[in-house]
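Participant: First the structure, which I've put down as structure tokens, then a few questions once you've had a look.
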Amino acid sequence: MKIGIPASRGYAIGQAYIKKHVELHITSDTPKDLLAEKELLHKAAEQSKKQLEKVRKKALESMGEEKAMVFDAHLMLFDDPEFIGAIASEIEGGKNALKATQDIMDSYVAIFESMDDEYMRERAADIKDVAKRLMNNLAGIDDSFNIEDTNTIVIAHDLTPSDTAQLDRSKVIAFLTNIGGRTSHSAIMARTLEIPAVVGLGDITETVSNGDILIVDGIEGKVIVDPDHETVTKYVLLQEAYNKEKEELKKLVDTEARTKSGKRIDVAGNIGKPEDVHKVIENGADGIGLFRTEFLYMDREEMPTEDEQFESYKYVLDKMEGKPVVIRTLDIGGDKQLPYLVMPNEMNPFLGYRAIRLCLDRTDLFKIQLRALLRASVYGNLKVMFPMVSSLDEFLKSKELVEECTQELLAEGHKVSESIEWGIMVEIPSAAVMADELAKYVDFFSIGTNDLIQYTLAADRMSEKVSYLYNPMHPAVLRLIKMTIDGAHSQGKWCGMCGEMAGDETAIATLVAYGLDEFSMSASSILRAKQIILEQE
Ligand code: PEP
Ligand code: MG
């Protein structure tokens with residue numbers, strides 16, 4: 001049996017198909033004719049575009065418009081003068097096309113991978129995917145799939161988004177990879193396709209052969225090779241039970257999450273872009289518990305204007321029809337950079353100039369966002385929270401700016417709701433320790449466990465080397481969570497959680513017992529979380 005990281009839930013029994021992994025041989029040789037080398041690049045780019053258009057069509061059929069859009073982004077890279085142009089200028093500088101592509105890919109990937117935001121880290125996978133296709137075409141390598149049998153379990157070193165889009169869902173029932181984690185692109189795609197997947201298996205491409213019979217357990221992250229009859233029977237039963245349970249879960253869309261003793265708990269969704277609100281609604285959420293507004297600032301050349309931001313906030317508030325919408329103010333800085341904002345270089349960006357620290361320094365930017373939020377407030381049930389608050393002063397200063405903006409807007413003839421709630425994210429240990437004091441001033445807390453865990457245990461959330469220390473159930477983390485919830489309640493305030501831990505099935509019971517009032521998570525986890533809450537005392 002092999003154990004990896006469970007990336008997408010479900011069970012599968014089928015036969016192995018190993019995707020060939022052809023190593024590219026890249027040298028530093030300078031080509032004789034640089035013009036001809038550039039011509040080669042442009043031809044390979046054209047070929048790649050044609051292939052991608054086909055992949056996009058397939059993705060649209062099998063996964064829908066939203067996932068197919070990933071490939072629009074890939075196609076755009078081929079027309080992006082900064083990307084292809086950068087490779088061409090490396091060639092002009094004397095590199096061969098393969099080496100030039102690899103170097104440009106590495107420099108782009110290094111920038112994206114250093115960002116602490118999952119969405120931006122995924123962009124690194126896009127660059128790799130596009131560059132790999134280009135390099136294969138430059139080297140004349142064809143690594144497309146050729147799957148003929150149904151009940152196929154695809155095994156690969158890693159799967160890129162375009163690999164995943166090519167998977168024929170009528171034949172492929174699961175996949176396994178050597179590398180990757182729960183937030184890697186292939187894992188996210190597997191959850192969208194709703195096929196079981198186990199990633200980070202190390203050397204599965206070496207230890208399994210084509211045609212081997214496998215059982216994939218996407219819940220526990222297990223792979224069983226050549227199972228005996230008894231084991232197959234056991235998993236067939238587990239599979240049936242799982243499918244039945246999934247169907248059952250859909251019945252909970254309109255059910256309120258209430259414990260057996262009657263405590264009503266809000267199960268909300270996390271979003272990054274206004275359009276994400278639709279999946280959250282489909283899954284029966286009680287509200288939005290975290291709108292990460294920094295996404296409105298990314299992927300563009302300049303700051304979003306007050307009007308643009310107003311439209312985005314209003315859109316989400318409208319769609320949620322009076323249900324609570326918690327919008328977090330800009331959490332940018334440190335390692336999350338904006339191309340149009342010059343930032344200092346820091347040794348420890350996670351402990352540096354970011355989030356509320358940056359906003360209180362750049363009040364010109366902060367006020368634009370606050371004004372947009374205040375103007376949108378009359379369209380629904382708005383709650384605003386500030387990220388990375390480490391002391392009361394930051395909250396009070398933010399509120400002063402809110403007051404200033406409110407007066408300006410009223411004088412200009414705008415309306416502003418009087419019932420907005422103002423809260424903070426508790427994601428720095430100092431805020432958790434001082435929760436009972438802070439609760440006198442704020443309307444609510446939302447615990448950001450992604451950061452709280454890394455700061456409490458001094459274990460960088462990005463580093464694989466210390467990931468064994470990054471443990472949500474560490475007693476020190478649990479104590480801080482409990483202190484935060486108790487601190488809120490001591491002043492009659494509510495406390496939510498919007499870090500990944502809120503959707504972690506193994507943590508929900510503990511958090512309910514601690515008295516957490518609101519859980520906010522990705523849309524696909526909502527129904528299961530509701531079910532677990534319904535089972536609690
Ligand atoms: C957190 O830190 O838990 C959180 C929700 O914020 P982010 O992941 O955006 O840092
Ligand atoms: Mg955070």
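Every residue, even glycine, has its Cβ placed from backbone N, Cα and C.
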Participant: Kindly point out the range from 35-62, 203-230 that TrEMBL annotates with coiled coil.
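Facilitator: My reading of TrEMBL: the coiled coil range is 35-62.
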Participant: Which residue of ARG354, ARG461 does TrEMBL report at the same phosphoenolpyruvate site as ARG292, ARG328, ASN450, ASP451?
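Facilitator: Candidate in the recorded phosphoenolpyruvate site: ARG461.
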Participant: ASN450 (phosphoenolpyruvate binding site) to GLU427 (Mg(2+) binding site): how many Å between their Cα atoms?
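Facilitator: Just about 8 Å between their Cα atoms.
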Participant: Identify which of the following recorded positions, namely ASN450, ARG461, CYS498, place a Cβ less than 6 Å away from any atom of ligand 2, and list them by sequence position.
Facilitator: ASN450
Participant: Among the binding-site residues ARG292, ARG328, ASP451, whose Cα is within 10 A of the Cα of GLU427 (Mg(2+) binding site)?
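Facilitator: Candidates kept after distance check: ASP451.
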Participant: Which residues of the chain, 6 or more past the ends of the coiled coil (35-62), have a CB below 8 A from one of its CBs?
Facilitator: 68, 70-72, 74-75, 78, 84, 87-88, 91-92, 96-97, 100-101, 130, 133-134, 137-138, 162, 165-169, 193
Participant: Please state whether DSSP places CYS498 (active site, proton donor) in a helix, a strand or coil.
Facilitator: coil
